[in-house]
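The structure appears below as structure tokens.
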Amino acid sequence: MANIFLNDLRKNYAGQEVIHGITMTIADGEFVVIVGPSGCGKSTLLRMVAGLEGISAGTIEINDKVVNDLEPRQRDIAMVFQNYALYPHMSVRENMAYGLKIAKMPKAEIDQRVAKAAAMLELEPYLDRKPRALSGGQRQRVAMGRALVREPSAFLLDEPLSNLDAKLRVQMRLQIKDLHQTTGQTMLYVTHDQVEAMTLADRLIVMNKGVAEQIATPHEVYMTPASEFVAGFIGSPAMNIFTVQVEAGVAVLPGGHRLPLAGLPADREVRLGLRPEDMEIVGDDTPGIPVVLRSVEWLGADAFGYGMIEGSDVAITLRLPGSTAAARGQRLRVAPPEGRLHLFASDTGKRL
Amino acid sequence: MRRTVFPHKLLPWLLLAPQLAITLIFFYWPAAQAFRQSVLREDPFGLSSTFVGLANFRKVLNDPAYLNAAQVTVVFSLLVAFFAMTIALFLAVQVEKIVRGKGFYRTLMIWPYAVAPAIAGMLWLFMFNPSFGTLAWPLRQLGIAWNPLLDGEQAMALVVAAATWKQISYNFLFFVAGLQAIPKSLLEAAAIDGASRRHAFWTIVFPLLTPTTFFLLVVNTVYALFDTFGIIHAVTSGGPGRSTETLVYKVYNDGFVNLIMGDSAAQSVILMVIVIALTAFQFRFIEKRVHYG
Ligand SMILES: Nc1ncnc2c1ncn2[C@@H]1O[C@H](COP(=O)(O)OP(=O)(O)OP(=O)(O)O)[C@@H](O)[C@H]1O
Ligand SMILES: [Mg+2]
């Protein structure tokens with residue numbers, strides 16, 4: 001059981017800063033997901049918490065104790081690696097018992113803990129096998145088991161599911177969620193998969209280029225993204241974002257279309273964000289955005305229309321009902337329902 | 001597997017001819033000669049020889065000097081293999097820790113391998129020569145009565161050192177490669193599991209190096225047995241007494257110095273059997289070499 005406190009955490013590699021000051025508190029038992037595009041510093045952040053990377057500036061506290069100068073083994077954490085990092089010359093049982101043996105735990109208790117974890121992860125038939133004789137999913141579970149048996153204060157997981165196929169990933173995702181619910185342990189989980197991020201997290205850290213763009217619940221992140229980056233990164237298909245000119249409460253869209261909207265700021269240039277599902281088809285006499293469809297993907301329950309704002313080269317994605325008859329080349333007029341728009345500063349990208 | 005088909009029957013043979021010629025002239029012909037001479041005995045003037053069956057072998061195997069050489073060889077080989085491997089492993093592990101100039105150290109480490117055995121021997125002989133060796137004087141200052149020309153154990157130490165020094169490079173290269181093949185994340189996982197560096201080395205790194213270690217054990221043994229002739233010849237010539245006379249050196253001594261061809265040939269044949277056995281052993285294990293992954 002642990003709370004973790006990061007205070008203005010920074011990391012330099014050869015003079016180049018890759019983590020630019022992250023501050024956050026992770027409560028005991030919380031499931032926090034670090035999400036962001038490749039190279040944004042997710043693994044680096046996690047590895048700093050684990051003690052595998054040095055800290056250039058700032059502090060990390062685990063259970064109210066600064067751990068900056070502690071070795072990984074003194075931090076009472078367990079980690080699951082992306083490539084699992086199972087000891088290839090040891091059986092599954094030995095892999096799981098390795099840390100416990102080092103801790104000089106009595107053999108009976110080691111056996112009991114390994115048996116318990118193996119039962120929970122359905123690994124009993126494989127206990128005496130070497131990792132090379134296991135499938136990807138089984139290896140993944142052994143890696144989880146090796147972390148579980150130690151009953152650490154916190155779990156760190158670095159893209160634990162990214163080497164699995166889609167179906168297995170869903171299965172393991174649910175299993176990890178269950179695991180968190182039964183053990184109630186603090187978890188810090190890195191992924192670049194936004195479905196994993198949205199479904200697992202109590203809270204998300206959305207990272208971009210070494211900066212935490214937003215730290216909030218999945219709901220908040222989706223409904224009120226703190227920046228244009230977050231808005232574009234979370235949500236699939238991605239939010240439509242384009243530059244508009246505000247003139248006396250009316251947004252002038254690309255192509256010169258005028259759209260009166262509630263909640264616009266004073267006259268200036270802003271970035272307007274509209275989610276694909278937040279676009280209702282309206283009549284020709286109502287103000288709206290004229291869209292010329294280039295293609296329609298029908299998925300059953302709903303369909304995605306990809307088109308251009310008429311008279312411009314700005315692409316726009318619409319979510320349409322599954323019953324739609326819309327087809328390529330068709331012209332639609334859409335408008336966001338009241339209050340479903342996102343506005344960002346055109347210079348800083350911050351939410352207005 | 002693709003098979004290359006040559007248009008002529010003759011062409012493949014022509015292409016192989018140079019290699020075949022070398023093999024025949026320098027390997028099969030001398031080997032055949034050794035077999036022939038090992039069952040013959042020459043008269044004292046070397047003018048005629050008579051067939052004596054296995055008498056030469058019997059004589060050699062009952063010769064205390066031969067048994068002494070066998071013993072010297074075993075001691076020498078074990079020491080060389082042990083030191084060359086432990087020192088190389090130690091250095092390879094240390095080099096991994098270097099942050100700056102890794103390549104430079106690695107290159108330096110490889111140089112001794114390029115030195116010819118006789119030169120390496122001379123180098124060590126000069127350094128430790130009792131009368132003018134640079135390092136002999138400090139040894140004497142330390143109260144060691146240093147004289148490898150008279151003291152058999154010191155002579156052995158000197159040839160072991162020279163032979164070890166030359167072989168460290170080779171082992172070092174293999175250990176460095178072996179260490180690099182071990183994923184970093186395994187050591188990180190061990191660190192998180194609570195293992196100290198030392199514990200992780202003995203429980204993770206060393207076991208994973210087993211295939212490399214085993215391969216090197218065979219290579220080093222073969223090296224110490226057969227490739228150290230130049231060093232022994234340059235440093236001690238098998239002396240003092242017979243304290244550094246290995247089996248290979250005795251073949252040379254009996255055959256080319258003392259001109260007892262029958263004995264020398266019989267010893268060669270015995271050595272050949274040892275090489276064949278070692279090679280077979282090595283192949284069997286390399287075939288079965290453990291692959292982790
Ligand atoms: N040892 C290192 N030396 C120099 N730069 C590094 C080092 N490790 C990582 N970086 C840099 O730090 C940045 C963050 O890397 P990190 O591995 O944390 O990314 P990530 O978010 O985990 O990406 P991915 O999703 O691809 O795993 C990258 O720009 C990377 O190039
Ligand atoms: Mg990563």
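Glycine residues also receive a Cβ, built from the backbone N, Cα and C atoms like all the rest.
Nobody curates TrEMBL annotations by hand; they come from automatic prediction.
Residues annotated as transmembrane segment in TrEMBL: B:69-92 (among others). Here the transmembrane segment (B:69-92) has long-range neighbours at 109, 156, 159-160, 163-164, 167-172, 174-176, 178-179, 209, 213, 216-217, 220-221, 223-225, 228, 242-250, meaning same-chain residues at least 6 beyond its ends whose C-beta is under 8 angstroms from one of its own.
According to TrEMBL, the domain 'ABC transmembrane type-1' annotation covers B:74-282.
What TrEMBL records for B:104-127 (among others) is transmembrane segment. Below 8 angstroms of C-beta separation, residues 91, 95, 98, 133-136, 158-159, 161-162, 165-166, 168-170, 172-173, 176, 227-235 of the same chain, each at least six residues beyond the ends of the transmembrane segment (B:104-127), sit close to that stretch.
Under 8 Å from some Cβ of the transmembrane segment (B:155-179) lie the Cβ atoms of residues 72, 75-76, 79-80, 83-85, 87-89, 91-93, 95-96, 106, 109-113, 115, 117, 120-121, 123-125, 128, 148-149, 205, 208-209, 211-212, 215-216, 219-220, 223-224, 228, 231-232, 235-236, 239-240, 243-244, all in the same chain and six or more residues away from its ends. Annotated transmembrane segment per TrEMBL: B:155-179 (among others), in sequence order.
Tertiary proximity for the transmembrane segment (B:200-226) is limited to same-chain residues at least six positions away from its ends with a CB under 8 Å from its CB atoms, namely 73, 76-77, 80-81, 84-85, 88-89, 93, 163, 167, 170-171, 174-175, 177-179, 182, 186-187, 190-191, 246-248, 271, 274-275, 278, 281-282, 285-286, 289-292. Among the features that TrEMBL reports, transmembrane segment is placed at B:200-226 (among others).
Feature annotation from TrEMBL assigns transmembrane segment to B:265-286 (among others).
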